[in-house]
Amino acid sequence: MGNGLSDQTPILSSLIAFQSFHIVILGLDSAGKTTMLYRIQFNEFVNTAPTKGFNTERIKVTPGNSKTVTCHFWDVGGQDKLRLLWKSYTRCADGIVFVVDSVHVERMEEAKTELHKIT
């Protein structure tokens, strides 16, 4: 997984009109969803186990000099049997983050297919 999380402030600065929002993190199994979530929360890499179901975290951020924003993240497992539930998690979401492990090129088509199923 690349280090695309080195500075989240520019992304969050554009969301200052919201006081809280709900973000669903999706992707194939072992793509790095939980690792990304805990990198955002703790600002460090944490060893994780495969997600069986989902993880949820509320993270308060203050982008720049703006008001504090609460991000409610739902990190949903990427195993085949859990993918059937993805669409139900996205119904009330303010945003979706779809994580792809770019090292596993052979799974790109599978990831593309699954992403199209929820859009």
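Quick reminder: no glycine exception, Cβ is built from N, Cα and C everywhere.
These features come from TrEMBL:
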- GLY27, LEU28, ASP29, SER30, ALA31, GLY32, LYS33, THR34, GLY78: GTP binding site (BINDING)
- THR34, THR51: Mg(2+) binding site (BINDING)
- 12-31: transmembrane segment (TRANSMEM)
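Mapped onto this structure are the features recorded in TrEMBL.
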residue : record              : DSSP class
GLY27   : GTP binding site    : strand
LYS33   : GTP binding site    : helix
THR51   : Mg(2+) binding site : coil
GLY78   : GTP binding site    : coil
*Taking the centroid of the Cβ atoms of GLY27, LEU28, ASP29, SER30, ALA31, GLY32, LYS33, THR34, GLY78 (GTP site), which other same-chain residues have Cβ within 8 Å of it?*
THR51, GLY77, VAL99, ASP101
*Do me a favour and check the Cα-Cα span between LYS33 (GTP binding site) and THR51 (Mg(2+) binding site); whole Å is fine.*
9
*To the nearest whole angstrom, state the Cα distance for the pair GLY78 (GTP binding site) and THR51 (Mg(2+) binding site).*
8
*Taking the Cβ of THR51 (Mg(2+) binding site) as the centre, count every other Cβ atom within 10 Å, in any protein chain shown.*
19
*ASP29 (GTP binding site) and THR51 (Mg(2+) binding site), distance between Cα atoms, whole Å*: 8
*Using a 10 Å cut-off, grab the number of neighbouring Cβ atoms around the Cβ of GLY78 (GTP binding site), all chains included.*
23
*Neighbour tally for ASP29 (GTP binding site), based on other Cβ positions within 10 Å of its Cβ*: 15
